[in-house]
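Below: one structure, written as structure tokens.
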Amino acid sequence: MDLASFLTSVLTSFVIFVVLVLVFTFLSRRPGNAPVYYPSLLLRGLDPGEGRRRGTRSPVGWIRDAISASETDVIAAGGVDAAVYLVFLSSVLSILVYSGIVLLPVLLPVAGTDRGLELTAAAGISPKNDEKNNSAPELPEIQRLALSNIQPQSMRLWAFLLSVYWVSFVTYFVLWKSYKHVSNLRATARSTPDFKPEEFAVLVRDVPRSSPDETIKDSVDSYFRALHPNTFYRSMVVTDHTKADKIYLEIEDHKKKIARAEVLYANSKTESNPEGIKPTHRTGFLGLIGKKVDTIEYCSEQIKELLPKLEAEQKTTLRDKQQQAAIVFFNSRSVAASASQTLHAQVFDKWTVMEAPEPRDIIWPNLSRNIYERQIRQVVVYSIVFLTVVFYMVPITAVSAISTLENLRKVLPFLKVVVDRPAIKTVLQAYLPQIALIVFLALLPAFLMFLSKAEGIPSQSHAVRATSGKYFYFVVFNVFLVYTLGKTLFTSLRTILDNANIGVIINMLATSLPGGATFFLTFVALKFFVGYGLELSRLIPLIIFHLKRKYLCKTEDEVKAAWAPGDLGYSTRVPNDMLIATVVLCYSVMAPLIIPFGVAYFALGWLIAKNQVLRVYVPSYESNGRMWPHMHTRIIAALLLYQATMIGVIGLKKFIYSPILAPLLPISFIFAYICHMRFYPAFANTPLEVAQHELKETPNMDAIYTAYIPQCLKPDKLEDLDVFEDAQSHSTSRAPSI
């Protein structure tokens, strides 16, 4: 990509971003759009009009509000997980800012005043006829400010070598402070005076099979009452409530249809037709075929038929469909924290106890899977992930090879007439490879989430962390490594085959590898300008909402469902951010010009994410920052990749002092180990000194217990907990109530 294409890409992306910000400023001030731009405020009972008056009066008003909002405001709106995500963005931003302060004023002049590219071009001259070899890679002007322009064995390489150390130690410093800060955030959240159901419960898996004369419920009660006689409250055995849930959802669906039909019926009443027209539908496939019936009467009859079925299925589920897992409740959160960390059974595959996820976070079908099934599933899933990564290399390598304009013209000659036009050529060079790569990446997250849940993971938040990890290693391996190396090898393959001089090949690789920064410069610019512009403007959710409200929604519940924003989507958001962090980190010394783009990406990302947390997104679960060790580990992985890359690239420059970089790899491993030993245990388990803080009022244990009953198992007649518990046990014994 030449300089003109690069500037076209950046300027076009910037103009699009400015336009989208102005669109956001205009649309967010219209009262009818409040459910799209302020759903979090609406759900918390706050006045979105106040936000419009203060925050979006000018195109930069939302920036002022985002900066002025405290971390406490973020936690109140989006939970600790959202605050930790912002810490992650600000941490990477700090690393890049501190690095750029030194790298930009030092490395740019050092690289820009050398003649490495000229010598590389001279090396491409054929010795037979003194004509330029057409297979020599064409390098853009922007590479004159990169490591590519440094001559082999030049003493200028000292500046780049020392810069690698500077970036590494800046990363250590920032990550240590951030880990400590997040650890304190988590401790504060776990020691609040307000009680939370999950703080009084533990999840018990691998429950041994009980004797024929007792239920699993009786076995769990007797086991934990014997081990915790004074603090055990109750237990709830996990059941297979799939059928009950299906009936319950059918009933709820009929209720929604009745509500919708009643609105349509009321609206059909006019002066000329006071009786109105009763809504009807067909009972066949998708309401398109079958007998035509009165919607209100038909759905009411269906509910009457389903309610006895649900009641019967509830009794059957609670009595006969108990599984080898349970949630055990204690009357003290410090006791629950202690129990979750205590080895209860002598053998490892019985009575596995861990902290309970919060009620809305549980993946119920996975709780009953025994330890051997979980291990087998994990091996199978990671084998599939490995094969997916390997096979995805083929299309992504192909994309990296042919998506450059020159290669596209060779593969598809009939496009020459179109792509040779100057205006079209400039636009295609600027955007074609980046758009092709983004489309490929968009197809993967749902598949990885499915695989993560198939492992037998007990909670949604854990599945999100697992998906994020898989996606991170996938994008780093396939996008960063395969794309960069694939493009370099493809464009230089003929040079390598035709030239037997190993020195020329090494020089070519040393020049071409840093040259990949040009692609990633435009990739980062496209991601943060266009991506964040669309995120802020919310044009797609806005269009969908208004279409649904006008043509589909008839009741208030339907309207509310149309603008429900969901959560931040950490499973894809974090890996995408980590990809950018990895790319910018790895190229920070090779091509320092990428640092300002990385700073812009994470600065805008922090501002926009904070705005969206405060006003838009609603958390679907709360793990109290459990995601941070995952983020920390991935940043360390990116740092190791950066250090290994720089050792190789500077080594290719035949710099005899390049082995000085070798100690950085063990230093990074030691740093990661120290952080893990010092901070991670408080994330894996809740420390007792945190859990023992006093509550402002005595917890309502019945409310805590009820919070974990699946919705399909607690209709009105099962509100009495004694009745619910009797349905799970033939025993008449009772735990003492408090």
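The backbone N, Cα and C atoms fix where each Cβ goes, glycine too.
Summarising the annotation, TrEMBL assigns domain 'CSC1/OSCA1-like N-terminal transmembrane' to 5-177.
Summarising the annotation, TrEMBL assigns domain 'CSC1/OSCA1-like cytosolic' to 200-366.
Look at TrEMBL and you will find 377-649 tagged as domain 'CSC1/OSCA1-like 7TM region'.
Annotation comment: TrEMBL describes 6-27 (among others) as transmembrane segment.
The feature transmembrane segment is assigned by TrEMBL to 83-108 (among others).
If you look up TrEMBL, you'll see 157-176 (among others) marked as transmembrane segment.
According to TrEMBL, the transmembrane segment annotation covers 379-402 (among others).
According to TrEMBL, the transmembrane segment annotation covers 431-451 (among others).
Here TrEMBL flags 471-490 (among others) as transmembrane segment.
Feature annotation from TrEMBL assigns transmembrane segment to 502-521 (among others).
Within the chain, the transmembrane segment (528-547) has long-range Cβ neighbours (under 8 A, six or more residues past its boundaries) at 10, 13-14, 16-17, 19-21, 23-24, 27, 33, 35-37, 62, 562-563, 565, 580, 597, 600-601, 604-605, 608, 611-612, 616. The feature transmembrane segment is assigned by TrEMBL to 528-547 (among others).
Annotated transmembrane segment per TrEMBL: 578-609 (among others), in sequence order.
Long-range contacts of the transmembrane segment (630-650) within its own chain (CB-CB distance under 8 A, at least 6 residues past either end) are made by residues 84, 88, 91-92, 147, 157, 160-161, 164, 167-168, 171, 175, 178-179, 465, 468-469, 472-473, 476, 480, 510, 513-514, 574, 578, 581-582, 585-586, 588-590, 658, 661-662, 664-665, 668-669, 671-672, 675. The feature transmembrane segment is assigned by TrEMBL to 630-650 (among others).
Remote same-chain residues near the transmembrane segment (656-675) are listed as 153, 157-158, 161, 164-165, 168, 172, 175-176, 179, 632-633, 636, 639-640, 643-644, 646-647, 650 (criterion: CB distance under 8 Å, separation of at least six residues from the stretch ends). If you look up TrEMBL, you'll see 656-675 (among others) marked as transmembrane segment.
Below 8 angstroms of C-beta separation, residues 62-63, 66-67, 85-86, 89-90, 92-93, 95-97, 99-100, 103-104, 107-108, 111, 142-143, 145-148, 160, 163-164, 167, 171, 472, 475-476, 479-480, 513-514, 516-518, 520-521, 523-525, 527-528, 532, 535-536, 568, 631, 634-635, 638-639, 641-642, 645-646, 649 of the same chain, each at least six residues beyond the ends of the transmembrane segment (578-609), sit close to that stretch.
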